[in-house]
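**Student:** The feature active site, proton acceptor is assigned by TrEMBL to Lys34, Tyr254. Annotation comment: TrEMBL describes Arg129, Met302 as substrate binding site. Marked as domain 'Alanine racemase C-terminal' by TrEMBL: 233-358. Look at TrEMBL and you will find Lys34 tagged as N6-(pyridoxal phosphate)lysine.
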Amino acid sequence: MKLAAAEINLSALRHNLRRIKALAPRAKVMAVLKANAYGHGLVTIAQHLQDADAFAVARIDEALALRAGGLTKPIVLLEGFFNANDIPILLANNFQTVIHNEYQLNALESAKLDAPIATWLKVDTGMHRLGIEPEQLDSFYNRLKSSENVKPQVNLMTHFSCADDVENSKTKVQLNKFTQLVDNKNESLCLANSAGIIGWPESHNDWVRPGLMLYGVSPMQEQVGAHHGLQPVMRLTTRVIAIRSLPANEPVGYGGRWQSKHATQLAIVAMGYGDGYPRHAKNGTPVMIRNQRFGIVGSVSMDMITVDIGDNKAGIAVGDEVEMWGPNLPVEEVAAYADTIPYELLCNVTPRVSYEYVDKNQA
Ligand SMILES: *Cc1c(COP(=O)(O)O)cnc(C)c1O
């Protein structure tokens, strides 16, 4: 009996990439695979994104793991390099680097290289995380253009802070600022993350950078992937390992965080924060057993969760499969019950969970 399993549906993954291309038909796609492909498995996910134009990761180790796995597409380092000694590794492995600060620019200019490196100059238009100041753009751009260590085309990018909210005018402000800044430069432009792709078509430009939506999950507030024609890639399941009867007015689990109002039955399921299930999931967070939703009760523990199955009309028995999230139970919904975002739940799935890759058409 397999406990704590993540079924990764590669046919859904390919469907989501096609959906991205349908939404942004003129843009090239840089598939974002950081954090173990959002918890889905870096190399296997990359192998099944043949139709992406490039990959993007956050760290050089992630990029090296893709090359070690035999992937040959261009790979963009979204935060660039942090140490000048890494520049020859970038060249040797055909990694493209984001440039977002003076250190990186100086290091790249003074490196001794046999061939130039492809760059993405990142400008901060209001996110205020990474990126050069708008006033620095011309000077950075001109220096990159005249460096022998840099490929002639200097790609330009920025990142949105609030694109998941279509009511928020901040995205328009960032978009306009970027458009003005790059107006006189004939280069490839890249702005949109998943939320930009869905919510802000005017941001698509030459390249888009989808992460979350590749995995079938909605980046937009209060929506699920299906609203945007996406299919969940991960199905996280486990099994019922015990059925218990609980009298009225009895507490359940560590700290007695929940108490029965009347006599009920509990299904104990083999999943907990040791598998990456969020410990802060509230009473009532849904799980699916026998095609019905039931709410969890009491604290999530390391290996187990208790589920209130009432009078068990459904006939739930030991060994039954439990879907924690997946095609029948959107991870977006579970995230809301845990006061977090689906990104975090997907990334947090731990190595104890067994991964299985399948190809299943979802209706
Ligand atoms: C993570 C990341 C993305 C992808 O974001 P999603 O919301 O998952 O689509 C795009 N660009 C940058 C710079 C990122 O860090």
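Count begins at 1; order follows the chain as displayed.
Positions of Cβ are set from backbone N, Cα and C atoms, glycine also.
What TrEMBL says about a protein is an automatic prediction, not a curated fact.
What you see is a predicted model, and the numbers here were worked out from it, not measured in a lab.
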**Student:** Once the DSSP letters are reduced so that anything not helix or strand counts as coil, what is Tyr254 (active site, proton acceptor)?
**Tutor:** helix
**Student:** Counting each residue once, how many in the domain 'Alanine racemase C-terminal' (233-358) are helix, strand and coil under DSSP?
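**Tutor:** The counts are 19 helix, 51 strand, 56 coil.
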**Student:** Would you kindly give the Cα-Cα distance separating Lys34 (active site, proton acceptor) and Met302 (substrate binding site), rounded to the nearest Å?
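**Tutor:** Cα of Met302 (substrate binding site) to Cα of Lys34 (active site, proton acceptor) measures 26 Å after rounding.
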**Student:** Near the Cβ of Lys34 (active site, proton acceptor), how many other Cβ atoms are there if near means within 10 Å?
**Tutor:** 19
**Student:** How big is the gap, in Å, between the Cα of Tyr254 (active site, proton acceptor) and that of Lys34 (active site, proton acceptor), rounded to a whole number?
**Tutor:** 35
**Student:** Could you tell me the mean pLDDT the prediction assigns to the domain 'Alanine racemase C-terminal' (233-358)?
**Tutor:** 98
